[in-house]
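**Student:** Here it is, the structure in full.
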Amino acid sequence: MLSRLSQTALVALSLMTVLTEAVPSRMRIQTRDSVNYQSEIVRGVNLGGWLVLEPWITPSIFENGGGAAVDEWTLAEVLGKDKARAILSQHWSSFITQDDFNQIAQAGMNHVRIPVGYWAVSAPDEPYVDGQLEFLDNAISWARAAGLKVMIDLHGAPGSQNGFDNSGRKGPIAWQQGDTVARTVDAFKALAERYLPESDVVTAIEAVNEPNIPGGVNEGQLKEYYNQVLEVVHSINPDAGVFLSDGFLATASWNGYANGENVVMDTHHYHMFDNTLISLDINAHVRAACEFGNQIKGSDKPVVVGEWTGALTDCTKHLNGKDIPTRYEGQWANSPRYGDCGNKRQGSSSGLSEQERSDTRRFIEAQLDAYEGKNGWLFWTWKTEGAPGWDMQDLLANGLFPNPPTERQYGNQCA
């Protein structure tokens, strides 16, 4: 027999259930399980090439569009919306599944960063196709089941914030012209309202990926956009972390801005896109990684290295852009030849030489040491169609990425 207290509790529970079920799930704040980005170490991976396409991650998709398809905009433009939607829907449903999230968790990760473009929310009168949010919804459920945290990353903004193919549209930077910033705020707000209530899983959101200040993005206007983003997040879930790109400036240059606002600086570090860094031997690569780790310690805010990789060259097919040659083989103007790409163009890391495999493992370990000296890291990327050094799933399978990520074959190289 139930006591009066038990009966009262059951009535209250029933009423709570009715009221909860009356609220749409996407508007409901789940039990808060926020991450303290000041003190906790982020260990994670990006799901690149899934909901935002890049030719080097999934070259087979771009083969459908011929030479004119150099980014997601032109791919959809060439194919037309119906064919593009059919191809992309198949890709979205198969490239990343629950099994990937399980593998990521089993490898010792605690976060995934999921890039998504503004066109998933709204792209009127543009070639893009939508439908990505259904799969992003699935990803939140998969992360919950696997015990992973999610950071939503607005990877592409109207007009392109950097001119790179990974923004959705390669070419001139037109972000901050016309109504592009207002449209970006609208897209960000729609994503925040949809996903930040899932606060047991979605613990952070990124304002915009890689706004290119050296390439022409106005820093003052970028800060104004960031201020609007912070207001949006605080109105929905003030416990959520807000990742702000450094815009390719030193992270310390942002000191004094938005302190106490749950802000995390996002910096990206690649060696193969710099003519000096690409020329280094493995010992110098390790030193450079450790020096970068020391540099980011100068920030007065948490810093997560939101993109980095194990590749030491730009040999991967289409990495510099669709059908663009490599610096490493001296095919750029004023770029000396550093070596032969060989098996570094495509395939598995198992096809690399023994020395290349050893160098890859050592470089990855050095970066882990360096970035955990601040607040952590998110590797780019989880899966590709065959990009040696870039594919965490493949690196794990071949023993080139530490599992767990604290395992070391080379000791602490930044000590």
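Glycine too: its Cβ is placed from the backbone N, Cα and C atoms.
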**Student:** Regarding the disulphide bond with C290, report which of C341, C414 Swiss-Prot records as its partner.
**Tutor:** C414
**Student:** DSSP on E307 (active site, nucleophile), three-state: which is it?
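**Tutor:** DSSP call for E307 (active site, nucleophile): strand.
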**Student:** Mind checking which residues of the chain, 6+ beyond the ends of the region 'Disordered' (335-359), have their Cβ under 8 Å from one of its Cβ atoms?
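**Tutor:** Residues 275, 278-279, 282, 285, 311-313, 315-317, 326-329, 386-389, 391, 394-395, 398, 400.
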**Student:** Closest of the recorded positions to E307 (active site, nucleophile), Cα to Cα, picking from E210, C290, C315, C341, C414?
**Tutor:** E210
**Student:** Cβ atoms within 10 Å, counted per site: which of C290, C315, C414 has the most, among these disulfide-bonded residues?
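**Tutor:** When each Cβ's neighbours within 10 Å are tallied, C315 tops the list.
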